[in-house]
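*Asks:* Have a look at the structure that comes next, please.
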Amino acid sequence: MDFATALQILDSTVRLSTPLLLACLAGLFSERAGIFDIGLEGKMLMAAFFSAAVAFVTGSVWLGMLAGIASSMALSALHGLASITFRGNQLISGVAINFLAAGLTVLIAQDWFSQGGRTPSLIGQARFEPLTLPLADTLQTVPILGPLYHELISGHTLPVYFAFLCVPATWWILYRTRFGLRLRAVGENPAAVDTAGISVIGLRYAAVAICGLLCGIAGAYLATALQAGFIKDMTAGRGYIALAALIFAKWRPWYALMSCLLFGFLQAVALRYQNIDLGPVTLPVQFMDALPYILTVVILAGFVGRAIPPRAGGEPYVKER
Amino acid sequence: MTIMKTILGAAASVALASGAALADPALIFDLGGKFDKSFNEAAFNGAQRWAEETGGSFNEIELQSEAQREQALRRFAEAGFNPVITMGFAMADPLSTVAPDYPDTKFAVVDVTWLDVPNVRQIGFAEHEGSYLVGMLAAMASETGTVGFVGGMDVPLIRHFGCGYAQGAKAVNPDINIVANMTGTTPAAWNDPVKGSELTKAQISQGADVVYAAAGGTGVGVLQTAADEGILSIGVDSNQNHLHPGKVLTSMLKRVDVAVYEAMKAGEDLETGVFTLGLAENGVGYALDENNASLITDEMKAAVDDARQKIIDGEINVVSYYENDSCPALTF
């Protein structure tokens, strides 16, 4: 494998990791506050549709993104209502959101655009264009580092940079702010938080809202930056891979970055080399596709350290009377 | 009570009889969905044309999961629809179970040719012949000497497409390099444009400057990326030239619309058996319209039309992937 090929695979890794990373951090906020969220997939899908639809109608990618975020947050609110206020089962609510999004997007798309559950192709200002970072072109001639900077770091769309900035931001919010401490406490021991006179319900809603925001950006990235329009079921299981990445990362932001990059890298390699020839054995492409899930199972089985979920995760908080 | 029973019984039999006399056709779309701009949409267009010309009406369903296949077949057959037209190779197994239970109903299936059921019209297409022609066009349009192929789900049918394409490309330029990738191995591979885009980018980085997408909804991503990156793409099944005018070299036409139209037109008198539509029957071909007229030179057109005639006459033999489950021009 030469340098140029390696660079292209890494470039592809960055593109493929971005939606995983955003969804993974979204899940991290929600689950750290004790709300399990299987509905990442559905929220991304909904956001992908509304961002593409509004971007097409208004011709502005920013309005599209806002619409995507709003729709994703609306689903988050629904999830919050079901699992926080009405103390329903969080897994069932999440699954319902996935089904709702899969059906609603196609239905609305068909009603608005009559193109069979897809939006028309976006052009011009309705899409995120790749950004060329300063000096990228002038430095291109510098050996090794020049192409590295030009190909790998420069030339991505805005949400990519945002997603990577979200990692230190998430770390800072969770571990260095009062809000973050309370949010983590709510996921571990909500009764203690309640005793301190802080609203458990409020904190959990805040976490779920942040989850909706990040899923919204992930969906908008899929439909308006990576692609030029919405196509039914276009998230293609990325929400579930993000959940796997979250478990793999043991609910920690920097590990989340690593696991998403790893999963993105595996996808990029699988796309580039269909069957990997390792001398005596040939790895079929199916194996590469399944590897993220296999790794997660390995983690869950405790081979590579234990992944301990937030203690109060999945349980609605009931105040003692 | 007995009178009531008799009356109701009579009414029911009248209703049944009239239902049978006015049997409408039914159409079952595959998982790609009715408007995939490709395979299923072609079927819908054919049905639509039949409905407009005859003023008839047809019932349809878009399958959402594998489990619905048999259910949908039985529902339509029970309800008296005739013929029941189904799309896609995955209907083979459900059809072989359901069709014998409804001997009076005629079924038709596109892309299946190997069943042994008397009341099924099995329509196959010689996709390798059409793909051969677009493969020739790709090789002639390519400046880098590398052309790409993006398949959807890795199934023999898609390999069949890729195999014909590779043979056509090699016929023009024996040294041509063909990069072939499959999107996945599950039905999700038909609807993953993001993966289609990444595959296209990977192929471009390997030098491909014409990419043929035989991948359903995933192909939308392939065509989009090809247009964004300034290379040519080739559409499939329906005429996709209009999606990116001037950037789609051509489309491999598979006249599913004609097959469906004719099946509906025949109605209950549908002739059953195995039918294969190739170049000779105009079942497959390549698309030429105002959107790609500037991309296809007269020389290219002449060469392809010549090859088309030779295939029909049997002078050129395009090897089918199905013959021995392998391809002489391409390894997957």
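For all residues, glycine too, the Cβ spot is worked out from N, Cα and C.
As the structure is a computational prediction, the values presented were derived from the model and not from experiment.
Okay, these came from TrEMBL:
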type	residues	note
TRANSMEM	A:20-40	transmembrane segment
TRANSMEM	A:47-70	transmembrane segment
TRANSMEM	A:90-109	transmembrane segment
TRANSMEM	A:158-175	transmembrane segment
TRANSMEM	A:205-231	transmembrane segment
TRANSMEM	A:252-270	transmembrane segment
TRANSMEM	A:290-309	transmembrane segment
*Asks:* Which one of these stretches, A:20-40, A:47-70, A:158-175, A:290-309, has the most C-beta pairs shorter than 8 Å to the transmembrane segment (A:205-231)?
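*Replies:* Stretch with maximum Cβ contacts: A:47-70.
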*Asks:* Residues sitting near the transmembrane segment (A:252-270): Cβ under 8 Å, six or more positions beyond its termini, same chain?
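*Replies:* Residues 9-10, 12-18, 20-21, 24-25, 28, 164, 167-168, 170-171, 174, 241-242, 244-246, 276, 285, 288-289, 291-292, 295 contact the transmembrane segment (A:252-270) from elsewhere in the chain.
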*Asks:* List, by number or range, the same-chain residues at least 6 past the transmembrane segment (A:20-40) whose CB is under 8 A from its CB atoms?
*Replies:* 75, 79-80, 83-84, 90-91, 93-98, 101, 159, 163-164, 166-167, 170, 174, 183-184, 186-188, 190, 203-204, 206-208, 210-215, 217-218, 221, 238-243, 245-246, 249, 251-253, 256-257, 259-261, 263-264, 309-310, 312-315, 317
*Asks:* Out of A:47-70, A:158-175, A:290-309, what stretch is closest in contact terms to the transmembrane segment (A:90-109), meaning most Cβ pairs under 8 angstroms?
*Replies:* A:47-70
